[in-house]
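Undergrad: Annotations per Swiss-Prot:
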| type | residues | note |
| --- | --- | --- |
| REGION | 1-181 | region 'Large ATPase domain (RuvB-L)' |
| BINDING | L20, R21, G62, K65, T66, T67, E128, D129, F130, R171, Y181, R218 | ATP binding site |
| BINDING | T66 | Mg(2+) binding site |
| REGION | 182-252 | region 'Small ATPAse domain (RuvB-S)' |
| REGION | 255-346 | region 'Head domain (RuvB-H)' |
| BINDING | R291, R310, R315 | DNA binding site |
Amino acid sequence: MSDRNPLIDADRRADEDNTLRPQTLDDFVGQAAARANLKVFIEAAKVRGEALDHVLFVGPPGLGKTTLAQIMAKELGVNFRSTSGPVIAKAGDLAALLTNLEERDVLFIDEIHRLSPAVEEILYPAMEDFQLDLIIGEGPAARSVKIDLAKFTLVAATTRLGLLTTPLRDRFGIPVRLNFYTVEELEYIVRRGARIMQMGISSDGAREVARRSRGTPRIAGRLLRRVRDFALVAGADIIDRRIADEALSRLEVDNRGLDQLDRRYLNIIARNFGGGPVGIETIAAGLSEPRDAIEDIIEPYLIQQGFLQRTPRGRVLTAVAWQHLGLPAPAEIIQQSQYGLFMEDE
């Protein structure tokens, strides 16, 4: 009989995705400021012999939130337990997780913004006082029971900071925002991945994959694996720029890292709504994609690259987007661009 807890993803998957993950903070590429601060906080916690304060990672998907949480547990020399907000359906699920933690263990909750209010209420005293306040029974026979917990570290991740309630957000002593990676950082990650895969790659080949990876290591790893497949079938011993370009073009990833869905998004606003402003619900209906996916996956990179601007009236394409689509921009967009009203996010 298996004693595996379905709430905890304890599978040791030997796939390439995990093989490519860095194992220490020194191996982790990018997020220099965040890594430097985490090193200090981890070392201080070890010196004090106490649990690390609770950590909240904020940023788009694929930037390394889960990997950093695993590395933190390893550097602290403690156990790592992982789950996600949607999986914790009721208070009893969370209680089962928390009561099985040992002193200073790391519990990672991905998508913490998707916790139900009832579960979130249980989490407050657990984070602050390391106690569970449970109601046993119903009606007049109901009674409150307090259960002491081991002093643990909650590491949480969210792509939607605004959806976290203030009481929950304020209980994280170490908030960490993760940003998109530079092409240089991704190029290093791609070259490292190719070495692990035992596949040769040239500098310009690695750079071609890197600059089409949307500033995201997870996407860089995925694209590298697909480019490797094209190279192997073509009988190439090394991935050069030509092979990378041909493979990525066949995958419909353009020279700015935009895929078919990104271009559909831009084209809907450009062709159907004259460049905007247009509301997110209208765009979601046009794409047949959920609003959350658009706001979490598509829009952050488009905004960061200067293709899109959010305004109180809706989404508006910038002159950069019109140029990328090969369409003539409306006169007012050109004027606004000249006056610097559409600027790329820093």
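If you go along the chain as it appears here, the first residue is 1 and each next one adds 1.
Just so you know, glycine gets a Cβ as well, placed from its N, Cα and C.
Map the listed features onto the structure and describe their local environment.
TA: In the three-state DSSP scheme, E128 (ATP binding site) falls into the helix class. Sequence-distant neighbours of E128 (ATP binding site) (same chain, six or more apart, CB under 8 Å from its CB) are R171, listed in sequence order.
According to DSSP, T66 (ATP binding site) is assigned to a helical segment. In sequence order, S82, F108, D110, A157 constitute the residues six or more apart from T66 (ATP binding site) in its chain with CB-CB distances below 8 Å.
For the region 'Small ATPAse domain (RuvB-S)' (182-252), the model gives a mean pLDDT of 92.
Secondary structure of the region 'Head domain (RuvB-H)' (255-346) per DSSP (helix as H, G, I; strand as E, B; remaining residues coil): 51 helix, 9 strand, 32 coil.
Counting only same-chain residues at least 6 apart in sequence, those with a Cβ under 8 Å from the Cβ of R310 (DNA binding site) are E299, I303, V316.
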Undergrad: Helix, strand, coil: count each for the residues of the region 'Small ATPAse domain (RuvB-S)' (182-252), based on DSSP.
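TA: Going through the region 'Small ATPAse domain (RuvB-S)' (182-252) residue by residue, I get 50 helix, 4 strand, 17 coil.
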Undergrad: Same chain only, sequence gap of 6 or more: which residues have a CB within under 8 Å of the CB of G62 (ATP binding site)?
TA: T216, P217, R218, I219
Undergrad: Ranking the binding-site residues F130, Y181 by other Cβ atoms within 10 Å, which is at the bottom?
TA: F130
Undergrad: Take the Cβ of R315 (DNA binding site) and count every other Cβ within 10 Å, whichever protein chain it belongs to.
TA: 25
Undergrad: Using Cβ-Cβ distances, find the residues under 8 Å from R291 (DNA binding site) that belong to the same chain and are at least 6 apart in sequence, listing them in sequence order.
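TA: Spatial neighbours, sequence-distant, of R291 (DNA binding site): I280, E281, A284.
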Undergrad: Quick one: pull the CA-CA distance for R315 (DNA binding site) versus F130 (ATP binding site), whole Å only.
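TA: Cα-Cα distance, R315 (DNA binding site) to F130 (ATP binding site): 44 Å.
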Undergrad: Could you state, as a whole number of Å, the largest distance between Cα atoms of any two of R291, R310, R315, the listed DNA binders?
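TA: Binding-site diameter by Cα atoms for DNA: 14 Å.
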